[in-house]
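S.K.: Here it is: the structure, laid out below.
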Amino acid sequence: MNYSQFIDIRRELHQIPELGFEEWKTQEYLLSYIKSLPQQFIAIDTWKTGIFVKVQGSDPTKVIAYRADIDGLPMEEETNLSFKSKHEGKMHGCGHDFHMSIALGVLTHFANNQPKETLLFIFQPAEEGPGGAQPMLNSDYLKANRPDMIIALHIAPEYPVGTIATRKGLLFANTSELFIDFVGKGGHAAYPQTANDMVVASSYFVTQLQSIVSRNIDPLDSAVVTIGKITGGTKQNIIAEKARVEGTIRTLSLDSMGKIKDRIGNLVKGIEQGFECSASIDYGSNYCQVYNDEAVTGKFISFLKKKSNVKFVECNEAMTGEDFGYFLEEIPGFMFWLGVNSDYGLHSGLLNPDEDAIPFTIDLLVDYLKSV
Ligand SMILES: CC(=O)N[C@@H](CCC[C@H](N)C(=O)O)C(=O)O
């Protein structure tokens, strides 16, 4: 196989990142490549900006699905790469360009070499939000074509190329987005007594929020509350009438997720009373945990341990989220971390994964899918 084409594909996809459910150019690019493959064994379907490609097995006993997410993030790329994002304010900062090119590499192999088992490649939109996995699972296509097993990967900048990390059971956290709008009364900067300042109110809220994980959650039951964005006001000498706080909640247990949301509700009520303002909370999209099936993951780990070019790491759970968890709620399978050796991590504008991981993973997954 000509592996360098998948590096070229990754670079082309890297230049056109699109946000969740807006991945029309990405879909067009993927479809154009998939239609250039031998069509003898494959059937293509689309769902919104996503794509299903079924590769008919020669003597199938099951359907094995492989899912790649296709959306980018709303962030500025800070690398000086010759193939950096051409879409201002958008970047493949979570490696979905790698996920797609690896999937195309594996698909290319099986479009040319019919597999024994039927394979279903799922190119899924909107993983970063608002979530494409759940509606895709409810699509007519997946209702009629339920796979028997499903796998997916996520790039891991902290591991070298050649390392695969995963674990049986819980891999990723439950997540909930968090958006809070505070509304008070604007006014002249010099007359604070006539106004009700939402920059101050939202700042108190963000400070109080820090006590939830440290004081309300069992330290042995990990949780994270991160505020990634605050906006408010219009000008430096106008007291802000409005402020908006945006964040995400991560927990390993659903019980802690409930507790955190209760505490946020109470803190927000306190801010409303204390600052005589009004506030509304929106929990946006929520993802369930990623829970790897014990038996299927165990077999994958045994497969990895027999490979001389793979370093297997049994990792801990991570507080990342992934709507792939919804697939795993209904279909046995697993997700794994793929080492890509970048000095900068996921969601960094400087993320620069090592492309040697692409041919390595195509080969590995082709071998694995032949062995299942
Ligand atoms: C692997 C990864 O980075 N996934 C994202 C998922 C985002 C979930 C949701 N939009 C949220 O922000 O809560 C992550 O940030 O972990």
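Start at 1 and count along the chain as shown; that gives each residue its number.
Placed from the backbone N, Cα and C atoms, the Cβ positions cover glycine too.
Keep in mind that what you see is a predicted model, and the values were worked out from it rather than measured.
Residues or ranges marked as active site in TrEMBL: ASP69. Among the features that TrEMBL reports, Mn(2+) binding site is placed at CYS94, HIS96, GLU128, HIS154, HIS347. The active site, proton acceptor annotation in TrEMBL covers GLU128. According to TrEMBL, the feature domain 'Peptidase M20 dimerisation' maps to 180-268.
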S.K.: If you count Cβ atoms within 10 Å of the Cβ of HIS96 (Mn(2+) binding site), leaving out that atom itself, what do you get?
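M.R.: Counting Cβ neighbours of HIS96 (Mn(2+) binding site) within 10 Å gives 26.
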S.K.: Which recorded positions from the set ASP69, CYS94, HIS96 have a C-beta atom lying less than 6 Å away from ligand 1?
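M.R.: Among ASP69, CYS94, HIS96, near ligand 1: CYS94.
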S.K.: Compare the C-alpha of ASP69 (active site) with the C-alpha of each of the binding-site residues CYS94, HIS96, HIS347, and give the closest one.
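M.R.: Checking each of CYS94, HIS96, HIS347 against ASP69 (active site), the shortest Cα distance is to HIS96.
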S.K.: For the domain 'Peptidase M20 dimerisation' (180-268), jot down how many residues DSSP puts in helix, in strand and in coil.
M.R.: 37 helix, 30 strand, 22 coil
S.K.: Restricting to the domain 'Peptidase M20 dimerisation' (180-268), report the mean pLDDT as a whole number.
M.R.: 97
S.K.: Between ASP69, GLU128, which of the recorded positions has its C-beta surrounded by the fewest other C-beta atoms within 10 Å?
M.R.: GLU128
S.K.: Taking the recorded Mn(2+) site as CYS94, HIS96, GLU128, HIS154, HIS347, identify the other residues of that chain whose CB atom sits within 8 Å of the mean position of the site's CB atoms, giving them in sequence order.
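M.R.: Going along the sequence, the neighbours come out as ASP69, LEU73, HIS92, GLY93, GLY95, GLU127, LEU346.
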S.K.: Just checking, which of HIS154, HIS347 (binding-site residues) has the fewest C-beta atoms within 10 Å of its C-beta?
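M.R.: Candidates: the binding-site residues HIS154, HIS347. Fewest Cβ atoms within 10 Å: HIS347.
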